[in-house]
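**Student:** This is the structure I want to talk about, given as structure tokens.
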Amino acid sequence: MANLRRTRLKGQTIRTCSTMAYKVFGTVKTLHVSTQNPFDGVVVLDMETENAVNYKFMGRSFNDLSINDDSSAFSDCNSDRSGEFSTASSQSRRLFLACTNSDNSDEFIRQLVSDLGSCSIDEQKNAALELRLLAKNKPENRIKIAKAGAIKPLISLITSTDPNLQENGVTAILNLSLCDENKELIASSGAIKPLVRALRTGTSTAKENAACALLRLSQVEENKVAIGRSGAIPLLVNLLENGGIRGKKDASTALYSLCTVKENKIKAVEAGIMKPLVELMADFGSNMVDKSAFVLSVLVSVPEAKTALVDEGGIPVLVEIIEVGSQRQKEIAAANLLQICEDSVVYRTKVAREGAIPPLVALSQSGTNRAKQKAEKLIELLRQPRSANAAASPSDL
């Protein structure tokens with residue numbers, strides 16, 4: 001069973017239109033030229049596409065994804081993968097854009113930006129979705145859309161009480177933030193607080209994409225403190241603890257970036273980050289051991305984080321990682337334990353009593369070069385005399 005789609009294209013050769021049809025639709029089986037008018041340069045294409053139900057993406061069939069259900073997870077905070085397989089109407093418009101010249105596409109973008117200010121919620125939704133997809137699929141569009149003045153109206157949509165409108169606003173901003181040239185403009189246009197609001201009130205996808213947008217903005221060093229002071233840290237910690245796997249990964253990546261700033265480290269510890277970090281490091285089936293351990297590595301430079309880690313039972317978890325983790329996990333666990341033990345005899349005693357020395361010896365012989373160095377230094381610390389100071393109080397650390 002096949003679906004027939006007809007698209008009318010102006011000013012293009014048959015070969016160009018055929019090529020672009022395959023690029024945009026991907027699943028085109030056959031393409032027939034129904035009409036080519038030599039006077040107006042119009043080509044009408046009948047495109048026969050394979051029935052989408054035969055394909056799967058992220059465990060869902062193509063026909064499960066519609067304009068109102070475009071919340072597939074995206075990967076590694078790079079861009080959203082929502083709306084990957086959009087409706088026929090949207091596909092036709094995207095094909096038109098792909099096959100027409102730059103002036104026409106610029107005009108189309110300007111019209112979409114204008115529609116963002118429409119009194120019609122439906123027009124706003126459609127415009128936000130189109131801009132979101134255009135910014136996702138073509139890097140050059142990210143600059144065009146920003147220059148057309150889309151950023152401020154998109155930010156205003158993030159505060160909408162309509163979940164779909166908010167989600168598309170958040171994700172469009174995320175996709176625009178992938179362009180380095182846009183990051184400062186997005187932040188200076190007031191995006192941080194609305195993104196934090198979406199992190200608090202949005203759909204699961206809006207929360208995940210807001211976390212990724214904040215990550216992108218935090219790559220400008222000056223934004224890290226502003227994001228932390230906007231209330232983002234406790235919300236990211238909550239997403240780390242209670243979100244789905246995509247949310248946990250997005251939250252951990254954002255926190256890793258934000259917590260290179262000391263005051264954000266303190267905020268994260270005060271928000272209770274150690275509990276979910278320790279739980280995720282202890283769960284080898286979570287696929288979060290590495291990310292959690294890396295987040296921990298930027299936190300343990302402050303005394304509050306070390307105390308919280310020990311209180312949450314983090315030392316035995318780190319020792320277990322050195323025993324049974326992957327090479328990379330062993331390396332980062334050893335580095336974390338070394339940071340904890342360098343200035344504290346009390347913590348060295350706790351680590352030694354957890355039986356850390358045998359797996360550290362094994363790591364010093366068979367690990368990566370960096371892991372060997374960390375393991376050897378940690379073994380040296382653990383074997384130093386400690387009886388005189390082993391009873392030191394936490395205030396002496």
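Just so it is clear, glycine is given a Cβ too, placed from its N, Cα and C backbone atoms.
Annotation comment: TrEMBL describes 118-386 as domain 'U-box'. Summarising the annotation, TrEMBL assigns repeat 'ARM' to 149-191, 190-232.
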**Student:** Could you tell me the mean pLDDT the prediction assigns to the repeat 'ARM' (149-191)?
**Tutor:** 96
**Student:** I'd like the per-state residue tally for the repeat 'ARM' (190-232) from DSSP, helix first, then strand, then coil.
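**Tutor:** Helix, strand and coil residues of the repeat 'ARM' (190-232) number 35 helix, 0 strand, 8 coil.
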